[in-house]
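Everything on this sheet refers to the single structure shown next.
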Amino acid sequence: MKKIEKIKRVKGELRVPSDKSITHRAFILGALASGETLVRKPLISGDTLATLEILKAIRTKVREGKEEVLIEGRNYTFLEPHDVLDAKNSGTTARIMSGVLSTQPFFSVLTGDESLKNRPMLRVVEPLREMGAKIDGREEGNKLPIAIRGGNLKGISYFNKKSSAQVKSALLLAGLRAEGMTEVVEPYLSRDHTERMLKLFGAEVITIPEERGHIVKIKGGQELQGTEVYCPADPSSAAYFAALATLAPEGEIRLKEVLLNPTRDGFYRKLIEMGGDISFENYRELSNEPMADLVVRPVDNLKPVKVSPEEVPTLIDEIPILAVLMAFADGVSEVKGAKELRYKESDRIKAIVTNLRKLGVQVEEFEDGFAIHGTKEIKGGVIETFKDHRIAMAFAVLGLVVEEEVIIDHPECVTVSYPEFWEDILKVVEF
């Protein structure tokens, strides 16, 4: 349990931890490449360590420094693991590594913690089977643990109906070791870090935005070359502080080196649409990814907003903190087309609705989202996080700006993506 009290102001600057999506991919592509890859400023958290441990278990040599990780690439020639591979709480690790393991002519078993064992895997297992991998598991391969025997893959064309970046990434990385061309079609573009990074590692990736959706193609047999990858600050982690500065009584916060990839900046677009005071400075591009410093100041009134299904992929991880902003807005805000939230570390729709109602906010729940009636009368109370890091951090921000005391249960769950969250809050607020 952690007690949260109201702040007087926000101040100073912060470089939140590096982007989780980019860190996972840098570690994995570094292992798949030939030669060495230097990953600068990686996020070291529960999820990314799960990826590193699995790579080590299939005999990747890794040297971990304070601000960098050096990976000796194996050019897709891994060794059969002695033991079960554990993705812990990380869906990204489980799904992308399924694609990598499918290229290997050996047997492996992939599992996860209790939460991950309940998350759907068929979305990645089915296309990998179609490519030729032999995969079995609980509920016909839909739930971890799954057993994989890979090798001899052939390219396929696959319609990725959920626009899942994890599925797309798994298929592209499997496609590099498949015969012919592998093509992924999405109704709308999901986060594109894998495509950008594959190009950084020297692969040719063809992207075609078309009427029937966004198409990504990769030709089998290409070799990745080790390189240097710089990891910018995670926009999902920065979002909590941008929201805090927006709702604070006074002050300003500068958030440094925040990733502004157009497939990931939906939260900031919505914050601007709500009337947020945010400016972007020092814009630049490193390792094929755009970033900038954000300066955020408080505003008195927030306008309500609607999030449509096609906007959801650009802000899926920020919906809990966006919901907190919506609770303070002047009117009714709505999120639709976000059913995917029910299959995250917790059922996030249920978690958002339950906790906001507990604090006196009127909320309507839909199968694929919710509607929030903004109010100035938000009460205190005990937040049930469902051990979900994003729920804990979102409601911590709420607790810092309401009069009554808010208590967060299982505050330690933030270590999944942001181990220093509680310390960082103290750096930028005055009570």
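Cβ from N, Cα, C; glycine included.
Keep in mind the model is a prediction, meaning the values are calculated, not measured.
Note: LYS20 (phosphoenolpyruvate binding site) has non-local neighbours LEU43, SER45, ASP47, THR48, THR92, ASP234, SER236, SER417, i.e. same-chain residues 6+ apart with C-beta under 8 A of its own C-beta. What Swiss-Prot records for LYS20, GLY91, ARG119, GLN166, ARG348, ARG390 is phosphoenolpyruvate binding site.
Around ASP317 (3-phosphoshikimate binding site), the same-chain residues six or more apart in sequence whose CB sits under 8 Å from its CB are SER236, ARG390, listed in sequence order. The 3-phosphoshikimate binding site annotation in Swiss-Prot covers LYS20, SER21, ARG25, SER164, GLN166, ASP317, LYS344, and the record cites sequence analysis as its basis.
According to its DSSP assignment, ASP317 (3-phosphoshikimate binding site) is helical. According to Swiss-Prot, the feature active site, proton acceptor maps to ASP317.
There are 29 other Cβ atoms within 10 Å of the Cβ belonging to SER21 (3-phosphoshikimate binding site).
The two recorded residues, ARG348 (phosphoenolpyruvate binding site) and SER21 (3-phosphoshikimate binding site), show a Cα separation of 19 Å. The Cβ of ARG390 (phosphoenolpyruvate binding site) has 29 neighbouring Cβ atoms from other residues within 10 Å, across all protein chains displayed.
Between the CA atoms of LYS344 (3-phosphoshikimate binding site) and ARG119 (phosphoenolpyruvate binding site) there is a gap of 7 Å, rounded to the nearest whole number. According to DSSP, GLY91 (phosphoenolpyruvate binding site) sits within a helical segment. Here SER164 (3-phosphoshikimate binding site) comes close to ARG95, ARG123, VAL124, SER190: these same-chain residues lie at least six apart in sequence, with C-beta atoms under 8 angstroms from its C-beta. Taking the binding-site residues ARG25, ARG119, LYS344, ARG348 in turn and counting surrounding C-beta atoms within 10 angstroms, the largest count is reached at ARG25.
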